[in-house]
Every structure is written in structure tokens, then in C-alpha cells.
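Listed features, source TrEMBL:
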type	residues	note
TRANSMEM	B:12-37	transmembrane segment
DOMAIN	B:65-445	domain 'Ammonium transporter AmtB-like'
TRANSMEM	B:75-93	transmembrane segment
TRANSMEM	B:100-119	transmembrane segment
TRANSMEM	B:160-181	transmembrane segment
TRANSMEM	B:193-211	transmembrane segment
TRANSMEM	B:223-242	transmembrane segment
TRANSMEM	B:262-281	transmembrane segment
TRANSMEM	B:318-339	transmembrane segment
TRANSMEM	B:351-373	transmembrane segment
TRANSMEM	B:403-427	transmembrane segment
Amino acid sequence: IAGNFFGPQNNTYIRVSLPAVCFVWQIAMVILFGVFIRYDEESDEKGWHEFKRSHNITSNIENDFYFRYPSFQDVHVMIFVGFGFLMTFLKRYSFGGVGFNFLIAAFGLQWALLMQGWFHSLDPVTGKITIGIESLINADFCCAGSLIAYGALLGKVSPVQLMIVTLFGVTLFAVEEYIILDLLHCRDAGGSMVIHTFGGYYGLAISWVLYRPNLNLSKRLNGSVYHSDLFAMIGALFLWMFWPSFNSAITNHGAGQHRTVINTYLSLAACVLTTFAISSMGQKKGKLDMVHIQNASLAAGVAMGTSAEFMITPYGSIIVGFCCGIISTFGYLYVTPFLEKRLKLQDTCGIHNLHAVPGMLGGFVGAIVAAAATEEVYGKEGLVETFGLSGKFENRSMSTQGAYQAAGTCVAIAFGLVGGVCVGFILRFPLWGDPADDFCFDDEAYWELPEDEETIPPVLEYNNHMINKHQDTHESQFSLEES
Amino acid sequence: IAGNFFGPQNNTYIRVSLPAVCFVWQIAMVILFGVFIRYDEESDEKGWHEFKRSHNITSNIENDFYFRYPSFQDVHVMIFVGFGFLMTFLKRYSFGGVGFNFLIAAFGLQWALLMQGWFHSLDPVTGKITIGIESLINADFCCAGSLIAYGALLGKVSPVQLMIVTLFGVTLFAVEEYIILDLLHCRDAGGSMVIHTFGGYYGLAISWVLYRPNLNLSKRLNGSVYHSDLFAMIGALFLWMFWPSFNSAITNHGAGQHRTVINTYLSLAACVLTTFAISSMGQKKGKLDMVHIQNASLAAGVAMGTSAEFMITPYGSIIVGFCCGIISTFGYLYVTPFLEKRLKLQDTCGIHNLHAVPGMLGGFVGAIVAAAATEEVYGKEGLVETFGLSGKFENRSMSTQGAYQAAGTCVAIAFGLVGGVCVGFILRFPLWGDPADDFCFDDEAYWELPEDEETIPPVLEYNNHMINKHQDTHESQFSLEES
Amino acid sequence: IAGNFFGPQNNTYIRVSLPAVCFVWQIAMVILFGVFIRYDEESDEKGWHEFKRSHNITSNIENDFYFRYPSFQDVHVMIFVGFGFLMTFLKRYSFGGVGFNFLIAAFGLQWALLMQGWFHSLDPVTGKITIGIESLINADFCCAGSLIAYGALLGKVSPVQLMIVTLFGVTLFAVEEYIILDLLHCRDAGGSMVIHTFGGYYGLAISWVLYRPNLNLSKRLNGSVYHSDLFAMIGALFLWMFWPSFNSAITNHGAGQHRTVINTYLSLAACVLTTFAISSMGQKKGKLDMVHIQNASLAAGVAMGTSAEFMITPYGSIIVGFCCGIISTFGYLYVTPFLEKRLKLQDTCGIHNLHAVPGMLGGFVGAIVAAAATEEVYGKEGLVETFGLSGKFENRSMSTQGAYQAAGTCVAIAFGLVGGVCVGFILRFPLWGDPADDFCFDDEAYWELPEDEETIPPVLEYNNHMINKHQDTHESQFSLEES
């Protein structure tokens, strides 16, 4: 291994640890799913027939499946192609970017179904968790928290470490989500707080603990090439296009989903313009930076995660997008370098600017919009439905709701930071096969790489090459003889 | 800048103009949206509850959202990934292709919501425009016109010019759409006329005015490389696959959407076969050309834009696709070179063959199919619904409808040509930062580019390289000493 | 042509044969569609109005279109982008991978509508086939069989041969599907048997007949490069993400589709973990292999094709996924090399491990799950609906159903093997323009290729290069003079 040449190096040998973790955890999933997970009444064959009868439903189209499945598939694309390809931008870590994203999301969603089930839908009588299409969306959401954290760690950790990040990430997510959504009774359909703020600070805290002072040894690989930026653009665009589905996937049927889509769509469009503007202003010659376009133009989706389902109004959405494009691009231009230099915080993908800050912002925007909600605008039943003000929350005033929303944002930050620091220390045990400082951002560490692109000889060239080689030999012999 | 070396060059410095345009226009959007745009009754929280009550609707699934959202997301993918990646085929203008497409679509859709709103859904009492999912689809459609125009200009204009193309493109679009759909009362669900014919001729007219006699100075960059053609194939396939959604997105609920999908699907499939056939026949050695596969195979979708919702019959759809594949591929083989040589018309993506001609054809096919419609085939209520023959159009005969459809196509051509020439002259002011003739098709002009691909050394090679370098030095020293 | 240099070579000249086949077959499609194909009652304008009236339906949302369209579009993406890009992994056959996939799928789906129509929905009175959204899904499915077969042949056959593979593939598919689904009355919504088992063995049998003893002459091109593996990952991920739609696209409305999605989703997630585990264990240094990640992680979707719509339980699904990841990755590591060496079976994409074996396995899993079905779990009407036990199958016991399911799997294998051998012999006629052994895996044979990537000079470098060249000349002149 190259490490021998470059001097002391961490051992990236994962032939034992990775399979061990995968097998142990996957077997645990089999057992726990066997004990706990069942179909819910809308996906169970017998249950659905009974449900239709008891609810006096005549048409199968009333199955929640048809309200949510298109959004679910869009969210699924965001998780695997969106996040995955957004992380292919590094010139020699594209396999790791999209591949490890695939691995940890596939693990995370199983663990999420269990964790979220225990906290949200465990039947106290049967002791079972029942799942349906909404559970799958929530599981995908739950993974997103850990995938965001991966963004800060990209290129610097081993897949085994990522499995640990995900195991704890999903666990922490389920707890903070329970506190924010159930105990504080916040609304957060698109997860500005529970997904992005938490995931962002979780990743930043881990990265801070794992600070590598000599990371510049890998500097030559910490950047993009022309085509890797295009692959990343695939991820960025699928995230951008499907964000309306992300925010609306679990909002209320009818006007709720409808409005959330409109708000997110508008906000994202506005964000693109200010991102291009600041990106051009930020460079001496006025040239645009692909990093900004790929990332900052998404910040509006993050920031609308809480308030998109509220009556924020179309122009309100545009204003949020307007501001987010500016803030996020500024972040990439000035804050990320500052964090790295002063706070010893290495954030490969800049999740601070794309998730942590816009998420936090979105939480507070949501608080304000919630506090400003009136019966005049929402209608009586609309207000109850939108904010879930029934049961023991029946008498909560809107300003109280706003205060709880703000408190929820703080909970998300706290969980992210504290959880991240703890997990970071676990990851510092020298067992997990992470690469040495001079071997970061390099797929060579964990992937069998194909030979290099330059070595594809087209038939004729290959052939000519062979002839030339032959001639060269002759010539050099000749020149040797001559001399 | 390289320009200094190559002699006189336009100034591609956009650090002032691009941010200025973005900010001014985005702020205008905020204000205009604040004044004019509101949620419609199916996305407004209070409104939907009232709508359900007044229309006696019991289920949220009747919200228009559930009829149109899957198609909307497909259209959204076509606009951003489809058009965007189709324009990445140039070897060194992929950033510009997908990036500027992103910028102008994000601006265009906001402006489209306003323009289309003023013309189609301004409430005379409240003075407000109300928007829902169908408005978003229409806004995406409206952008498509300008994105098509971009296809002719690709690589030869600055982002600021593109913003102007889009501002006027969307404005013209809304006017011609109002004339064609409202005044002439044509049907054009997939926009053969209003989108493709208009967009195609708009782009061609602009390109004609902006003719660059010395464009061959950039010839070395006006072509593809292996991988850029694959990126373009992503765009082409997403356009091809989702075209059934494009044409059916705003057709009538029920059989209307259903039939439109079937017709478009069949037509596109037939088009692929004739495209491959002509592509192979057009080259001396019978080899296929990726340009044809990427573009001409889409022509059927364009040509079915008007008639796909009619009862054109499955084999009728296949015949249209059959012909379009032939015509469009011939266009790429012979017409585009002819236009460039004789008419001084430089059409980078060949929109003449993909949009202008198939769109026009689609308009006339639609006219014929409309004129041939009978009550026997459509049923009485079907005929009224499909062609919207109620109110003041109640007594319009089908042959009259056909004539109006044909007239609509001519209106679209006229708007495209006249509008394009005017906009072209605006773009000739030497203010907009367009590149010099020898600096076209080059991302270097507007993007901070990453270092080159060839310079990624894998760890070991990098290392060996260093060793070799060292040895080389020694050797050359040696040889120097020797000599 | 390079062939002249390398000695005797098959003629890859397809300028006559490919257009001829395309035109003849497409014209045949026009005629046959004209004679046979009509809209069904849910896509026909008049028919749908009558259908609503006769079935007492008040809302258009009851149109089958709204139950199936989102899944249809996902399946469509799988066929064209999923299969297409999965086959771009070869370093110099990416055009052929995605391009020929496009060609044969576009032809196959038209032929499938006819073949499946004749066998399944030919109206004996009118002599017409009526089509709707479900027919389009089935047509896409039917193509999948031939696209799978293409996987084994990738890089070794001409497009004309592929058209023949597809013509017979679709024909055989329709027959075996009729036997399995109609005569044996098996359930196979996601096609473990009818699609994957058949397609897999069909391709393997063809490849076995077309064995090329000197294929190692093309060895240098039979592999991937870094970026081609990323393109393949796009295909792999879209297949993986949308497989729940694939398996659920034509299952029963309501709980049927809902449950199928959950089962497939879980199974695929589990499969990813065991794939990563075995991939790492299989390599001496524990490094992961992209081939496994791209392919083996999909095996669970294949294996759930039959049983996903049954009440297999969530943990049952995970167990199937768990096993498939192991089996399929082992296949790539050990079985494919063995087959090539011992059985003279060259399987470019390893469809044996991704389709043939998991498909067969899925057929038998389906048989077991069907045999174990009880009224207690499904409910009385659920059992009837899920297994279609009405009419003449009313009294079939579940164990009998299981036996028929197992028999169906054997029918699929038999059709694949026998059909494939026959088609293989047809393909051996020396008429079809297949490449010589030393010209395989090379797009050069059938595509006009753009110049090479290395030759893109950025403006400045190009310029410096020119200067250097000049200087070089001077220097060498100088040194010549000196010497």
C-alpha cells in the first residue's frame, strides 16, 4: 500500500470490520423486524378490507398510498441519487460519495423504521409497530439526517465509521423528533429542524472532534474535475426539483400538500437567482463557482421545511428563498474557510451553509409564521388541522405555538452538537479503518479502481502505438548503436 | 484573460451586470408577487374547506393536486434535467449548458406565473391572480419556450443576454398563448404551437440576428467528447421518457390524460426506429450519430403536442412518430448545415429540426385531426369537453376549429420570428458581456473551472512520478555532465 | 476500417441492414396497429363517459390511470435510464449500451403491445385489442426480458442482431406469459418468473451459442473506467429506487400495491448490506468492487417479483434480500468466471447472477409463500383477490397454487433456454454485421465517435502548446545544428 511509502498511516483494511458490522446489524434487523414490524391496516390484505368496511370507503383510491406514493418516490430519488451524486464532486472520491451514501441509507432506513416505530407508533396492546407508505417516507427522512452529516465527513472516514454515524444518527434523530414533534408538538413537515438543523450540527460536531491538522497532505485530491462537477450537478438538480415533494410528502391531504408544493417551488426558484448573483460577485473576475450553484441554490428548500405547509403566502416564500441564496453563498465564500482556519472545523461539502444555518433559519421562520397564524386566514378547522391543535393541545394559542416552534429548533441544535461530539469521540478509537491524512479523498483506500481513463487506446491508436513502440525500440537501438 | 493574447475580444466580465440583473428582477418578483399572487381555492387552507363544502366533495383526493402532481414533477425534471443535460453535449460548455438553463428557468417560471396570470386568471374584482398546481405546470411550459431558444444560442451568448431572452420570451409567450388559446380558442395541451413552434422560431430569429461570421475561430470547441455525449444522453432520455407527462399534464381529467399518454408513448417509440434508420443511412459507413439519437428521437413528442389529446388513434400516433424521426434526422444531416451556409443561421443544438419544424408540423396535424373530429367518435359530451366547445364557442363546427388551429400555428411562427428579430437587436448592444468569436463554446468565459482531469495522479503514480522526476533530474544532470 | 489491419474480420457495415430492419418492422407496426389496436374504455373519450355512467362512477379519479401512472413512469425510467445506463459501464461501449438499449426497447414495446394483446385482450367479437395504461406497463415489462438478454450479449453483437433478439424475445415472452399467467394461473406481478428468469436464461443460452473463443483479443476494452462506472451507477440507482414501482405497477389496487411497495423496499435495503459485506470479503485487501454494488444490490428486487404482493411479512422480505445479496455477489465473484471457463458462457453483465438465479429463486419463494397462504392472514376476499381465485379457479387450494407457481418457474426456464438456443443459431448466420473478436466492446464499430477527450485544449494551454511546439521545433533545430 502507498501508505508504506508515505510513512505511518492508518490501516484502511476493512475486510473484517465492514462485513462484520453489515452482517451483525442486518441479522439484528431481521430479528427485530420479526418481533416488531407488521403491515398497517392500509397495506394489510385483510386489514384494508376491514378498514374500508368500517370507514365506509368504497374506493381503493382513498388508500393513503395514492396520496403519498408519488412524493415518496421523489424523496427516495433525493436520498439515493440526490444526496449520492451531490457527493460525487470530488475528483477521486466519487465512488465513495455515491457508494457509501447508498450503504448507509440502506441501513439507516431499516433502523429508522424501528426507532421511529418505537417512539411514534408502537401499539401498547399488541406490542407491534405497523408500517405503511408514510413510515417509509419518514424512514427516508430519518436517513437524511445522517447523510447530511456524511457531507461534512466526506473523504475522511471509513465506511465502518459511517455505519456508526448512522446508527447513532438515526437513534438521536428518533429521540429529538419525539421531543420536538410529540412533546413540544411542533409542526415540521419538511424537517427544517428535525432533519437539517440536527443533521447539520451533528455532522459539524463530529467533524470538529475528528479534526485532522495535516489534511493538506491530501489537498491535491480535495477538489473537483470538470466531469465530477457534472455528476454532482445531477444530484443537485434532482434535489432541487424534488424538494417540493420532500416538504409536502407528509403534510395534510388536500390543500396542505398542494400549498406546500407551491411555496417550496417558488422559494427555490428565487434562491437560484440570488445564488448566481452572489457567486458572481464573490469572485474577482465575476466568474461563477459550481460549488455555489450545486449547493446554495438548495438552501431555500431547507429553509422552507417548516413553514412551507403554513400560509406563508407566495411572496413570503420568495423572500425566504431570496435571503437563503445570499446567506448560503456567503457561507461558502467566507464562513467555511473561516471555520476551517479558526474553529478547526473541516466541512468537506459545506453542510454548514446548506443545512445547519438554513435549517436553523427555517425553524425560526416557521416559528414566526406559526405565531402570526390567524383564524381569519386559515379558517377555524384549517387552523386546527394545520397545527394539529386538537386533543390536549386544543387551547394552545398561536403565539405559544410559535414559541414552541422556536424551542424545537434549539432542541435540534442541542441534540446535533452534543450527540455529534459524543459520536465523534467514539469514532476516534483507532479501530475503524479510517484513512491517514495523506490518503483522504481517495477511493483507492476502499475501492478496487479500474485502470485510468487515459489508457483506453482506440483500436487504431493502440495499434499504431504498438508499431511506434516497436519503431522506438529500433530507433533507440539504432541511436545506441550510432552513439 | 486569454482574450488579450488572441487580440480584440468582447468583454465577458459580468461581475456587475449579472448580479444587477438578478437582484433587480428578483426584487421586482417579490413586489409583484406581493401585490398580485395568492393561493387558489384548492391550495388555500380556508378556501379548500369552503370549496369542498360548496362543491359537495367529501374526499381530499378530488383536489386537482392529485390529478396533476405526478405529471408536474415529470415536467419539472424535463425542464431542469432534460433540457439542462441535453445541452451538456459540448466538450467544454457543459457547465454553461446545464447551469444557465437552471438560471433562466428559475427566473422564467416566476415571471411566467405573473404574465400568464395577468392574461388568463386575473380576478377582475380582487385584482389578484390565484395559483395552483396547474399554474406551476404552465409556468414550467412557458419557460420551455425560452429554453428552446437557448438551444440555438448555446455557447454564443452571456448569461445576462439569456436573462433578456427569457424576460422577453416569457412575455411574448404569454401574449401569443393568450391569442392562440383564448382568442382563437385553439387546443394545444402539449404546446406544439405555443411552446415548440414559438420557441423554435424565436431562437432561430435571435440567432440569425446575432450571426457570427468568424465563429469557426471557436470550432475546436464546437463538438462533443465521449463523456459529454453520455451526459447529454441523460437529458435526452429524461425528455423522451417523460414526454407523455408533458403532453398530458394539463389535459382533461380522466380519459383525456389517459389517452394523451398512450398517443405520445407510441409516437415516441416509432420515432426512435426511423431516427436510427436515417442516422445510419446518412453516414457513408453506416455508423450512427449520437446527435441524431439524442435529438431527433424526441421530435415525435413535439409533433404530438397538439393532437395527442385528440382521438388520433394509436396507429395515427405511430405514423406521426414515423415521419418525425425521418424529417428531424434529415434536418440534422442536411438542413442545419444548409441554414448555416446559406442563411447565415447558426443553430448550435439544431432546434430547427427538433422544435421549429416538428412543432409546426404538430400544429397542422392537430388542425387536421380536429377538423376530422366527429360526434360518432368522441360522443357528444366528449366533443364538447375535448375541444372546450361551450359558452360562446358552442356552435363552432369542427372544420372551423381545424381552421383556427392552423391559424394558431401561423400566429406562433409570426410571434417567434418577429419577437426573435427584435430581441436579437436588443442583444446586439455591446453591453451584455458576450464572448468574442474565438471564445465561444468555452466555460472558461463565465465559470471558475477546476483543474484538468489528466492531472489527477493516483497516489502511487503521483509518487512514482515524483521519483521519476527526481531521477530525470539526476539523469539529465548526468547527461549534462556527460556531454 | 481497422479490421483490414487486424486481418479477417466480420463486416460491421450496417448501413443497409439496420435501416431495412427498422423500416420494415416499423411499417409493419403501423399496419398491425391500424388493424388491431384501439383505446380501451378508460382512455377512449366516448367510452369513458359511457363507462362512468354504466359503472355509476362520479369522479374521474377512479380512472385506472390515476392508480398506475406514477408507477408506469417509474417503470419507464427503469427500462430506458435504468437498464440503459447500467450498461454504460464498459469504457468504450457506453454509446452502444445506452443507445441500443433505447432502440430495442422502443421497438420491443410496440411489438409487445401486439403480442400481449393477441394473447390476453383480443376481443373475439370486434377482433380488436384495446389498450390502456396497464398495457403500456406490460409492454415495458415485456421489453425488459429482451433487455436482460442484451446484458449477456453486450459488446458482442450488432444492433441488427439485437433487433432479432428482441423480436423473438418479445414473442417468446408473450407465449410463456400466457402459459404461466393464464393457463397455469400463476401470480407474478413483478415478473420473477416471466421477466427475469425467462430473460436471464434466454440471454445466457444465446450467449452460449454465440461463444467466441478468441474474445480475449478484445480484453483491453472489456472493463470500466472511473467515469463509466459512475454512469453505470446512475442506471443502478434508478433501478434500485424504482423497483418498488416495478413490482407494484400492476398489482391490485389498494392494499395490494401498498404492500408490494413495502416488501420490495425492505428487501432491497437488506440486500445492499450483504452485497457490501460479501464484496469486501471477496477481495484480498477488503476493497469493494463497483460491479457488485451496481448489480448484486438489485438482486432482491428481482427475487421479490413474485412474492412482494403476497403477505410475505416485512421480515420475510428482509430475509429474501439478505440471502440475495450474498448469492448474487458470490455469483459475480466465483460463478461468472467459472461459467466462462468451464461452460464457455460469456456473460458480459453477469445476468446469471442478477436475473437468472435470483429470478428462479424468486419464483420458488413465491411458490412457498403462496402455498403457505391462509384465510386467517388474507381474509376470505383478500385470498380470492390476491390469487385471483375466482371463476374456474375458485376451488384451487393454496398448496395446489404453490405447485403451479413452482411449475411456472420451470416453464420460464425452459422457454428461456430452448428459445435462446434457437435464436442463437439464427444469429450465427453471417449476415448481421456483428464485430470480429478483436473488435468487440468497441463503439467504433457502430458509432461515429467524437475526438478524444485528451485533445480538448483549454484556450490558454492550446495557445501555450502552440508556442511550445514552435519552440520545440526551434530547439530541435538548434540541437540538430549543435550536433
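The backbone N, Cα and C atoms fix where each Cβ goes, and this holds for glycine too.
Away from its own ends, the transmembrane segment (B:75-93) comes close to residues 101-102, 105, 137, 140-141, 143-144, 147-148, 150-151, 154-155, 221-225, 228-229, 231-232, 234-236, 238-239, 242-243, 245-246, 249, 290-291, 294-295, 348-349, 441-444 of its chain (Cβ-Cβ under 8 Å, at least six residues beyond either end). Across B:12-37, B:160-181, B:193-211, B:262-281, B:403-427, the stretch most heavily in contact with the transmembrane segment (B:318-339), judged by Cβ pairs under 8 Å, is B:262-281. Most Cβ pairs within less than 8 Å of the transmembrane segment (B:351-373), among stretches B:160-181, B:193-211, B:223-242, B:262-281, B:403-427, belong to B:193-211. Panel annotation: around the transmembrane segment (B:262-281), residues 190, 240, 243-244, 246-248, 287-289, 292-293, 296-301, 303-304, 307-309, 312, 314, 316-326, 328-330, 333 of the same chain, lying at least six beyond its termini, place a Cβ under 8 Å from a Cβ of the stretch. Through the fold, the transmembrane segment (B:12-37) approaches residues 1, 3, 107, 110-111, 113-114, 117-118, 122, 127-131, 158-160, 163, 167, 431-435, 439, 445-446 of its own chain, all at least 6 residues removed from its boundaries and within a Cβ separation under 8 Å.
Confidence across the domain 'Ammonium transporter AmtB-like' (B:65-445), taken as the mean pLDDT and rounded to a whole number, stands at 96.
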